[in-house]
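Have a look at the structure below, then the notes.
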Amino acid sequence: MKELQHLNKYFLKYKKQLLIGTAITIIARIFLLFTPRYVREIFVVIENYMKGGVTEQAVKSQLTIVIIYIIGASIIAAIFTFFMRQYIINVSRYVEYDLKNEIYDQYQKLSLNFYKKNRTGDLMNRISEDVGNVRMYAGPAIMYSINTITLFVIALIYMFNEAPKLALYTILPLPILSIVIYKLSKEIHLRSTIVQQFLSKLSTFTQESFSGISVIKAYGIEPQTSVNFEALAAESKEKQINLAKVQAWFFPMMILLIGASNLLVIYIGGMQYINGEIESLGTIAEFIIYVNMLTWPVATVGWVTSIVQQAEASQKRINEFLRLEPEIKNLVDVHTEAKGDIVFNNVYFTYDDTNIQALNGVTFNIKAGETLAILGKTGSGKSTILDLIGRLYDINSGSILINNTPIKEHNLTDLRNSIGYVPQDAFLFSDTIKNNIKFGKEDATDDEVIEAAKNAQVHKNIVKFNKGYDTILGERGITLSGGQKQRVSIARAIIKSPEILLFDDCLSAVDTETEEKILKNLIKITKGKTAIIVSHRVSSAKNANKIIVLDNGKIVQEGTHESLINVDGYYQHLYLKQLSETDSNKA
Ligand SMILES: Nc1ncnc2c1ncn2[C@@H]1O[C@H](COP(=O)(O)OP(=O)(O)OP(=O)(O)O)[C@@H](O)[C@H]1O
């Protein structure tokens, strides 16, 4: 129960509903327990009549009154039972809602390293399935526990008052029932966890197959994927059957134990009646009703124990993530401005997980309003520089200054808000094109969206779609070409008019003519702002105020286009190679 203590703050928050729910549960059970005693009353009335003690008229009116009492008590119990669920189950839904939000907020705070170490499926499981298990504790488990305790305490008082020996025999088989149900519930849980694992394997496989359907079709491997699917589905079926086998024991066990208890009541009660230890056969009837009323709550003791164990295990998994401290923390509460110069001073950076030293003493600076182009072989550390400016990672040594202030002394939200970042792999959401662009600036007007799209040279493509800017992208809608995606992603970055613009090889899928036009627009847009363009093309770099060439995390060349084309090195070779490619394309 240590892990579940995390939920206490929520129980405290909803204490009013819980207290009302508990009171309602107790009242509902009290009224429910009127029935057995009234049934005994009926027997007594009839027995008195048989003995000739009362008239037929009197019996009729006595029976009518008792029956009205039974109906009345049942209706009241039913109404309170309705409200019992309304209060306690609702609390569990509130707790579920709060916990999901808490986990989601925490996920958002955690750094990229966390996402590399943990699989998306696992993150999703903890926020959905594990929270679901915890909800069973916060609602049904609490409700059934209050229910069982109330019913038991009141029924036992009545039973021991009425016939102590019979009461003892009646409750004798109940602990056995509880233990059997507990063992069964545990086994059911074990097997259903395995079923769940296979189901998620199956859905991951299906999802991947259909996301990559074009690759599957192009390679003609449909028969092979069908065989793989069939194998997974067969295993999943096996596990389902295994689960069904144990589940099938649940109700027979209940029926058997209820039957045994009933028999015991009839036998012991019958003997006691014969011996004159109990006065009326009504007591036997009353006790049979108690047995049937108590069986289910007693069974739930086993069930509830297994729910609590599952919830504890799930909350433990949730707490593991909730207790993680984000590696990248905002250390400044006041507002800061990330405008102007960017300085890298002997920066060293190694990725924790791979131990790859991506930057190896990098030093450069860009003044406000300037454009820097970064070139270099793949894996030389270009994207890493951009990630470090957005403080997605903290450096190992050296310093990064923005606006002459160390990057850690910037308010993290302000820093990221002042950056417009276009990643290497343009990621667009399954939403309209307009909303994908507005993602950069939520309150942007339609005119601003169009303006950004025009500057990114994608407006003409968008208006050709039937629904224009309202065209849905992704799984539910159309698929954009690589170049179109990159340009929508550029529009998203420039719409917010940030102080720092980071373009990570985002023109690679665009033809050189369009690239030229976009770059021209960028000169206009980035006026007074700082821009860094990572590229493999000289054409993207040539207009930059400064160009650096990286190799193995080190700057190996630095200068302007004019200076670098005259020096033997990576830039000149790239320039000559791309020049000859352009010439041969023209020829
Ligand atoms: N998230 C990461 N985790 C671990 N290692 C990484 C990560 N990102 C990059 N690396 C490694 O760091 C080195 C530098 O990568 P980086 O992405 O900065 O290179 P790049 O110059 O941008 O490459 P490209 O031109 O192919 O985009 C590479 O060896 C890469 O494998």
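Count begins at 1; order follows the chain as displayed.
Yeah, the Cβs are placed from backbone N, Cα and C, and that goes for glycine too.
As annotated by TrEMBL, transmembrane segment applies to 18-39, 59-83, 141-160, 166-184, 248-268, 288-308. For 19-310, the entry in TrEMBL reads domain 'ABC transmembrane type-1'. Under the heading domain 'ABC transporter', TrEMBL lists 342-577.
Recorded stretches compared: 18-39, 59-83, 166-184, 248-268; the one with the most Cβ pairs under 8 Å to the transmembrane segment (141-160) is 18-39. Residues 11, 66, 69-70, 73-74, 76-77, 80-81, 83-84, 87-88, 91, 142-143, 146-147, 150-151, 154-155, 158, 282, 285-287, 289-290, 293 of the same chain lie 6 or more positions beyond the ends of the transmembrane segment (18-39) yet place their CB under 8 Å from a CB of it. When averaged over the domain 'ABC transporter' (342-577), pLDDT in the model lands at 89.
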